[in-house]
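All remarks here apply to the structure that follows.
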Amino acid sequence: MQVLSNSVKLARVLGTRMILLNSNNQFLSSLTQFSTSPLSSLQFQLRTKSSSGRHRAAIATADVCDSNAALLVNGDLRALDPIFKIYGQGLAFSGPIVTVKVFEDNVLVRQLLETEGNGRVLVIDGGGSTRCALVGGNLAQWAHDMAWAGIIVNGCIRDVDEINACDIGVRALGSNPLKSNKKAVGEKHVPVQIAGTLIHDGEWLYADSDGILISKTQLSV
Ligand SMILES: O=C([O-])CC(=O)C(=O)O
Ligand SMILES: [Mg+2]
């Protein structure tokens, strides 16, 4: 970790990105390098600003795995199968999980994203259906504005360009321009089985460019 000033530290370089932390190791912003010359705070362009309450992963999933081998063995820490594509500006995020189980219907998803996120991550089990989109640009913007840390979709999204411009972390199986049903069928806060892993409401999720981890408890490295 590199100290840039009394109050700002450079926490981690993710390809051409880095994360700035304050003196309490809390997320300040992520920055994108616009020069190929060696690292300098002046060579990074301010890219995003966090909303209060949103957690961003300042710890890498690989480091979490290396530091918590026993939890991997006993199943309290699990890695999702690598079936998700990365969308949105939030390349790394973490937070307590809220689950919702739906099938080709996104009314419950909208209901949840219109409530305060407080840095939580919405895990949507769409049954793996790729026949329509459960999240689009409007819902992603709601999620951002309501301070959700990220959205995992076991299903599809749409409005990909809008979502990629939004400061929110989104993972999904792919995209489909078709909208979903609006019948409000589904269940909130139930256990869901996604990407080979059983996930419970209230567990913790850590996502970055390497993958997605589910943990029974909040972790550090
Ligand atoms: O309306 C929907 O079903 C999803 C959508 O396009 C959006 O959130 O913008
Ligand atoms: Mg839309």
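Each residue, glycine too, has its Cβ placed from N, Cα and C.
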Quiz item: Which candidate from Arg158, Arg171 does TrEMBL annotate alongside Gly136, Gly137, Asn138, Leu139 at the substrate binding site?
Solution: Arg158
Quiz item: ligand 2 is in the model; which of the binding-site residues Asn138, Leu139, Asp159 have a C-beta less than 6 angstroms from one of its atoms?
Solution: Asn138, Asp159
Quiz prompt | Under 8 Å by Cβ from Gly137 (substrate binding site), counting only residues of that chain that are 6 or more apart | solution = Arg158, Asp159, Asp161, Glu162, Ile163, Cys166
Quiz item: Within 8 Å of the Cβ centre of Gly136, Gly137, Asn138, Leu139, Arg158, which other residues of the chain have their Cβ, at the recorded substrate site?
Solution: Ala133, Val135, Ala140, Gln141, Ile157, Asp159, Glu162, Ile163
